[in-house]
Amino acid sequence: MLSSAVSSSLLILHKPLARVIRFPIPKLPLSPNPRPLSSLSPAASALTPNAVGAGGRAGALSPAPITEDLQKIDVNPPKGTRDFPPEDMRLRNWLFYHFREVSRLFGFEEVDFPVLESEALYIRKAGEEIRDQLYCFEDRGNRRVALRPELTPSLARLVIQKGKSLSLPVKWFAVGQCWRYERMTRGRRREHYQWNMDIIGVPEVTAEAELISSIVTFFKRLGITTSDVGFKVSSRKVLQEVLRHYSIPEALFGKVCIIIDKIEKIPVDDIKNELKSAGVSEEAIEQLLQVLSIKSLTKLEEILGDAGEAVADLKQLFSLAEKFGYSEWIQFDASIVRGLAYYTGIVFEGFDRGGKLRAICGGGRYDHLLSTFGGDDIPACGFGFGDAVIVELLKEKGLLPELSLQVENIVCALDPGLQGAAATVATILRGKGQSVDLVLENKPLKWVFKRAARINANRLILVGDSEWQRGMVGVKILSSGEQHEIKLDELE
């Protein structure tokens with residue numbers, strides 16, 4: 001009876017899952033005169049959201065009665081989000097490994113922050129696209145909170161929190177999930193994972209040069225070349241110098257940068273109208289757009305002169321790029337300003353030379369971010385690198401790796417009475433650092449061999465009665481077909 005029950009359950013498990021699953025939806029009795037929570041009896045009020053019972057959880061309510069009413073639910077994840085079944089998880093782990101390994105090579109330490117942060121952390125400048133993309137709400141303590149849309153503000157908060165206990169410079173990296181309610185396109189979702197590297201406490205351009213070098217190193221590890229991607233580099237100080245020349249108030253600078261960041265997304269006439277509405281004169285707008293069209297550092301120097309900080313910083317960066325060995329990866333493009341208001345100096349974006357994808361990564365200097373949160377300003381720069389666009393690029397270039405499941409051993413008992421012995425063998429191997437797939441049921445060898453092939457096992461270990469009585473097990477090397485017996489204490 002047991003075997004028939006098992007086989008029938010397996011038949012059920014192997015049926016394909018339907019796209020819709022039915023769950024019971026409770027029916028709650030409605031009172032014509034509902035009472036406020038405060039009027040409940042002490043026993044009932046102990047179950048209110050603010051109560052914590054012994055061993056219980058805050059906000060826990062008594063379970064509702066289960067009824068037979070059923071309602072369909074969509075088994076897909078919410079729009080713009082993803083599941084990660086094993087094959088996708090292998091790819092994600094592979095990608096994150098390279099994020100972390102490059103960070104390690106450059107001497108960075110890993111940090112992380114809450115996915116849920118105070119909304120105030122992201123409400124900076126009016127007009128920033130990110131303000132309208134927040135997943136935000138009021139929690140039960142009447143606090144405005146948001147799912148983090150990026151990692152840099154959280155890093156700034158932590159730096160302020162640590163204060164003088166930090167030994168500068170700080171080199172930190174993070175790999176975390178971010179959320180933005182935005183229009184979805186290829187490589188753009190409403191949740192994504194982001195790799196950030198940040199340097200706190202270094203005012204020199206050497207910091208930006210180091211960060212770009214780390215991204216180039218990452219690309220090379222994945223097989224991406226300079227013919228596939230490049231970096232567009234500019235400086236916010238270029239805009240500052242143009243605006244200063246036309247006596248545009250410093251307070252408008254952040255707003256102008258946010259408008260200019262749309263230059264490849266909306267028509268030029270719309271850019272002009274937005275700049276005019278922001279208070280920029282027509283003469284300044286024309287000069288600004290002329291400067292933003294410059295793709296040569298030499299041409300920029302002719303217009304701005306060589307005395308300003310913008311040109312000096314950029315010339316130093318290009319000089320350092322030669323020393324780091326990635327000069328062919330970068331190019332000057334005055335239209336790159338980045339859409340976040342906190343950038344103050346050099347900014348850069350990684351782009352697909354084929355022009356099929358949005359920006360792969362981006363970053364720059366943000367020397368004044370900490371003071372917007374009430375801290376003392378510390379020189380800082382960093383970048384963000386999402387997981388979605390790079391995977392699209394790897395697909396495009398045929399560079400996605402083959403990442404199949406790999407288990408070193410599959411252990412099988414040849415008799416139901418030897419299942420405990422097989423578990424002993426598996427435990428011994430796992431204690432020695434070997435991965436083991438233990439066959440948990442009484443299965444025919446044909447099934448075991450198919451299983452071994454599916455998980456790419458290196459060897460099959462068979463626990464038979466006569467061998468076990470002699471303190472031995474059978475071993476089959478699956479790649480060669482070689483078979484032998486080995487003593488249990490010699491199994492490696």
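Backbone N, Cα and C atoms are what each Cβ position is placed from, and that goes for glycine too.
According to TrEMBL, the domain 'Aminoacyl-transfer RNA synthetases class-II family profile' annotation covers 80-401.
Among the features that TrEMBL reports, L-histidine binding site is placed at Glu150, Leu151, Thr152, Arg180, Gln194, Asp198, Arg338, Tyr342, Tyr343. Long-range neighbours of Glu150 (L-histidine binding site) (same chain, six or more residues apart, CB within less than 8 Å of its CB): Tyr122, Ile130, Cys178, Gln194, Leu340, Gly384.
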Distant-in-sequence Cβ neighbours of Arg338 (L-histidine binding site), under 8 Å, six or more positions away: Arg236, Cys257, Asp261, Val347, Glu349, Gly362, Gly363, Gly364
Same-chain residues at least 6 apart in sequence whose Cβ lies under 8 Å from Thr152 (L-histidine binding site): Asn196, Asp198, Leu340, Tyr342, Tyr366, Leu369, Gly382, Gly384
Packing count at Tyr343 (L-histidine binding site) (other Cβ atoms within 10 Å of its Cβ): 24
